[in-house]
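Student: Grabbed the feature section from TrEMBL, which reads as follows:
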BINDING   27-32, 74-77, 112-121, D147  FMN binding site
BINDING   R365, R397, A398, F399, S400, G431, L432, C433, S434, W611  FAD binding site
BINDING   T475, S530, R531, K536, V537, Y538, V539, Q540, D573  NADP(+) binding site
DOMAIN    21-165  domain 'Flavodoxin-like'
DOMAIN    221-462  domain 'FAD-binding FR-type'
SIGNAL    1-32  signal peptide
Amino acid sequence: MPEGGSERGVRFWPACAVPQLLVLFGSQTGTAQDEAERLGREARRRRLGCRVQALDSYAVADLIREPLVIFVCATTGQGDPPDNMKNFWRFIFRKSLLSTSLCQMDFAVLGLGDSSYAKFNFVAKKLHRRLLQLGGSALLPPCLGDDQHELGPDAAIDPWLGDLWKKIMGLYPVPLDFPEIPLGVPLPSKFIFQFLQEVPSVGTEGLKLASSDPQRPPSELQPFLAPVITNQRVTGPQHFQDVRLIEFDITDSSISYAAGDVVSIMPSNSETHTQQFCQLLGLDPKQFFMLTPREPGVPHPPGLPQPCTVSHLVSQYLDIASVPRRSFFELLACLSPPGLEREKLLEFSSARGQEELWEYCNRPRRTILEVLCDFPHTAAAIPPDYLLDLIPRIRPRAFSIASSLLAHPGRLQILVAVVQYQTRLKEPRRGLCSSWLASLNPERGPIRVPLWVRPGSLVFPETPDTPIIMVGPGTGVAPFRAAIQERVAHSQTGNFLFFGCRKRDQDFYWQTEWQELEKKGSLTLVTAFSREQEQKVYVQHRLRELGPLVWELLDRHGAHFYLAGNAKYMPADVAEALTSIFQEEGQLSSADAAAYLARLQQTLRFQTETWA
């Protein structure tokens, strides 16, 4: 088995003599980090020196000495910065910073967001303005990548990057005798795999992954291995979707949570897919290895034990079930032996091949593993050194917590819709995390799931007399169950829930619980069963029907309005229903109704949590 990948004779201009680019990212789910690393690769191809770092790992005071910086940042929740850039965010908005602080810096901002949210790419827009205020010189207007676009964020990013590199290379030319490294030549791998001949006696995997300090809250680097107590299907047998209520025991952890918080769960690849991947690449799953960075200062991959087995790497770390990005095909083409497979991969990597790549990969949602099966000679030729460059890390999945510790001490519950759908491919598409969670059966023996809790985007009022209106169709109702349980435990009334589903006997989650709370006067429940009559009825229709009540709660009683669920149509439909109510019940003009809704959003009296 090879211990190192070939560098194919690539020569780099000495680092001290080339322009230095700094790429800083703020990433919540990993997408911004992927884009930042893409920028790093493209810079190296152009012979630029480049460092890629998370914003909060960078000494922000050093920005005054940086000549060229690209910021890549996501927007989360209600226009919030990601967790790994919050310290930077606080620093950069200090009023004491001079307007000439960054006068030597050329910069650009690449934003990643979701246009279904009111504060679409808010962080990128605000950061761009702030850098200008501090004297920075913008190379380009900010790029606003959108998850809702049919082609994803790359629809905006690809043309923007083309303009960015033209600008940078014009301002920071490299010597003419060091031309750009062509796409068919691989850059050196980040790490060298050193396979061990003997089984190590210490450092076995898993020991470093669990949170061993009961006083320290679990995190992504040290999750809590929570026992699964129950895993129950809560949709009827005739319902098209398998939805699970899963309960975890968090008694032995230091986890605490409140309504609106989310739990992050790290899934695993199936044993079948792990074995198939190892066979394709000719890897021994039981083989131990150590990783050595090729360049000084490169951090070890987070969450990956040293030493580690190939099986652990593939099952717990490499996201072989994800749909590959164009950068995957670019590197795969470099590693492919001469022949038809390499020609096709080079075509997929080219600008002219993007439409064909979309049809082959993105439209049918073909996975990395399936692509490798389609290119078997290439898969067999992949040097192990390049695995971490080629395949992204499995990212945690976030779920709204559907319970309150006041109602379920020592427990944490989530509501999971198992993702499964058909494309033109024979095999159904399955969500990695939801399918994995659904397969866990605690009745067959103890099962533990790595998880940790972080604040969510929904924040509920602490004042006891503030009413809340919650619109949560389908699994969007999950965070509102936690809020209702919490408020009822504190004897808070004024809880109004608009719940929508298809049929009351198939997917009416927590029906009995809601009805009991109604009898006690703790909840006002309004339902919309879309498939129980000829004309479909949704939550926005119920809002319009109860327009006078909604207006009175918002305008006279200072109610907070919450919306959670699928991002495709529902948020826009609900917003339209609200502006209609404001016009009819509040006698507002169209412009004033829109301004009223905007004020609710700005003051966090209208909050949303949606997903694609």
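Cβ from N, Cα, C; glycine included.
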Student: CA-CA, which of the binding-site residues A74, G77, D114, F120, R531 lies nearest R365 (FAD binding site)?
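Tutor: Answer for the nearest of the binding-site residues: D114.
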Student: So for S434 (FAD binding site), how many other CB atoms are inside 10 Å of its CB?
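Tutor: Summing over all protein chains shown, S434 (FAD binding site) has 21 other Cβ atoms within 10 Å.
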Student: Pick the one among the binding-site residues Y117, F120 whose Cβ has the fewest other Cβ atoms within 10 Å in this structure.
Tutor: F120
Student: Please give the average pLDDT for the domain 'Flavodoxin-like' (21-165) in this predicted model.
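Tutor: Summarising the domain 'Flavodoxin-like' (21-165) by its mean pLDDT gives 91.
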Student: For a quick check of packing: other C-beta atoms within 10 Å of the C-beta of A398 (FAD binding site), how many?
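Tutor: So the number of other Cβ atoms within 10 Å of A398 (FAD binding site) is 19.
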Student: By the count of other Cβ atoms within 10 Å, pick out the sparsest of the binding-site residues G30, G77.
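Tutor: Result for the binding-site residues G30, G77: minimum number of other Cβ atoms within 10 Å at G30.
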Student: By a 10 A CB contact count over all chains shown, which of the binding-site residues listed here is most packed: D114, D573?
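Tutor: Within the set of binding-site residues, the most crowded position is D114.
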Student: Within the chain of S27 (FMN binding site), which residues six or more apart in sequence place their C-beta under 8 angstroms from its C-beta?
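Tutor: The list for S27 (FMN binding site) reads Q33, A36, A54, V72, C73, A74, P82, N84, given in order along the sequence.
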Student: With every protein chain in view, how many other Cβ atoms are within 10 Å of the Cβ of L432 (FAD binding site)?
Tutor: 21
Student: For the FAD site made of R365, R397, A398, F399, S400, G431, L432, C433, S434, W611, how many Å separate the two farthest Cα atoms?
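Tutor: So the maximum pairwise Cα distance among the FAD binders is 25 Å.
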